[in-house]
Amino acid sequence: MDKEPQRQDELQAPLLPGDGGKAAAAAGSAYALVCSLVASAISIIYGYNRGVMSGAQKFVQEDLGISDAQIEVLIGATSIYSLVGSLAAGWACDCAGRRRTMALSAAMFFAGSAITSVAGGYAALMAGQLVAGVACGFGLVVAPVYIAEMAPAASRGFLSSIPEIAGNSGILLSYIADFALAGFPKNVNWRLMIGVGAIPPLFLAVATLLAMPETPRWLVLHGHHEEARRVLARTTGDPALADRRLKEIVSSAQESSKQAVAGGRDDKAPSTSVWRDMLIRPTRSVRRVLLAILGLQFFQQASGVAALVLYAPRVFNHVGITSQRAVLGATILLGVVKTVSIVIPLFLADRLGRRPMLLTSAGGMAVSLLMLGLSLRASPMADAGASASAAWWAAATSVTAAAAFMATFSLGFGPVIWMYGSEILPLRLRAQGTGIGTAVNRVMSAVVGLTFISLYEAVGMAGSFYIFAGCAGASWVFVYVFLPETKGRSLEEMEALFDDSAKSPSLTAQ
């Protein structure tokens, strides 16, 4: 009878000192915050690598004589490489641990950036992007898993938003670097833009191995219960609460093991049984969890965010902005809006809930993408008879619509899908399941990156964004119909939530 009051005590623990909680609880929350910030550094590095080619691609083409088609393949292939990384990352997280996997990702980011920055031809560029792309896949998986497993339930939404904020900060930093370094000679500027990204991974790899703890849930799965208790005591600031949480985690792990044995699966071969539990013989709740994760990851990229992150300068050129510095300045504006807007879910995800933020985000994306398509249709490139005034308004509206899309994307479909996906998976499926979701994300990102130039050449720049607007509208329907609310629930409750709400997920919205 006392289990629920105990859980409520945990949910009411404050995140930061000064919020009225006990000093020990505040210290524990501060420790979880520090761990989350360090883990999120991998997302800053990912964001920088993701965004730097947006401004660098023009100079790479001029220096190395690379065609549009080759650039399209180079940029899109990075997402394919990250697909490989995301699938391998789930296995690495389970076998080597979340902490060591993060250090490995940092080492690969260093190698990929270094190789790309000294490339003398297209083959070397592709080799560098191969290594960096695999690192991206690792980073996308390990940071959300690590933070979800380290964070107390009361602050999990807050802390789980940090990687997405960090990723957007990395993209913004890459845009600023592109702008600041564009004035160097064309055979030097793009190398500096990319090479700067090789420095932070070195520091992160060292910090991860020397200062960060392993997650308590991974420690429990590998029999290190005392070490798990010590980590929980530091993240909660309350030894008694740490003991209760440890019992819940141990119970969840034992239940998963019993289900594996009852189902005729070999629990001593975790990698094989995990894939079987997810893809061959999943329970009803696991099927619904996978549907939620795969759907969210699909729609995030189907909305066309990669088109603006990777090709914003081309979009702005198309609308009539011809000055290179003006184009890069408008691109920086998108990065600023995206980064500032993504702070909002940090404070609201645990108050409003996941569903309201996702629904608001999807609706806003659909409207802003439609507005962007209409403004592109009115641009001088589309209408040769447009007046100077009409051209100015088309350019201003395009930049405004693109910024509005970045803002509404960042309210939900940017950060919330990652926190939602990492918290609804059962413990023994969490790393591999996150890897599958990330793989779908990378496939869709690759499709957009590999085809965007060809797409707008076939249906027009405006037509491309009409398609993305339709996908954003479909994502609103998906969230409304299929996703239950998870706010305030412990990770161990999620499987029952999806099983109980199988017929009507919206009934569980809070």
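Even glycines carry a Cβ here, placed using N, Cα and C.
Annotations in TrEMBL come from automatic prediction, not curation.
A quick note: this is a predicted structure, and the numbers were derived from the prediction, not measured.
According to TrEMBL, the protein carries these features:
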- 35-487: domain 'Major facilitator superfamily (MFS) profile' (DOMAIN)
- 30-49: transmembrane segment (TRANSMEM)
- 69-91: transmembrane segment (TRANSMEM)
- 103-124: transmembrane segment (TRANSMEM)
- 130-153: transmembrane segment (TRANSMEM)
- 165-184: transmembrane segment (TRANSMEM)
- 190-212: transmembrane segment (TRANSMEM)
- 289-311: transmembrane segment (TRANSMEM)
- 326-349: transmembrane segment (TRANSMEM)
- 356-378: transmembrane segment (TRANSMEM)
- 390-418: transmembrane segment (TRANSMEM)
- 439-459: transmembrane segment (TRANSMEM)
- 465-483: transmembrane segment (TRANSMEM)
Report summary line: Lying 6 or more residues past either end of the transmembrane segment (130-153) yet within Cβ distance under 8 Å of it, the residues of that chain are 7, 10-11, 13, 28-29, 32, 35-36, 39-40, 42-43, 45-46, 49-50, 77-90, 92-93, 98-99, 101-102, 104-106, 108-109, 111-113, 115-116, 159-160, 162-163, 213, 215-218, 231, 235-236, 418-419, 421-423, 430-431, 434-435, 438-439, 441-442, 488-491
Query raised in the report: Most CB pairs under 8 Å with the transmembrane segment (326-349): which of 165-184, 356-378, 390-418, 439-459?
Result: 390-418
Query raised in the report: Quick one: mean pLDDT on the domain 'Major facilitator superfamily (MFS) profile' (35-487)?
Result: 86
Query raised in the report: Who are the chain neighbours of the transmembrane segment (439-459) in space, where the CB to CB distance is under 8 Å and they lie at least 6 residues beyond its ends?
Result: 68-69, 72-73, 75-80, 82-83, 86-87, 136-137, 140, 294, 297-298, 300-302, 304, 306-307, 310-311, 314, 318, 467
Report task. With pairs restricted to those 6 or more apart in sequence, evaluate whether the transmembrane segment (30-49) and the transmembrane segment (390-418) have 3+ C-beta pairs under 8 Å. Result -> no
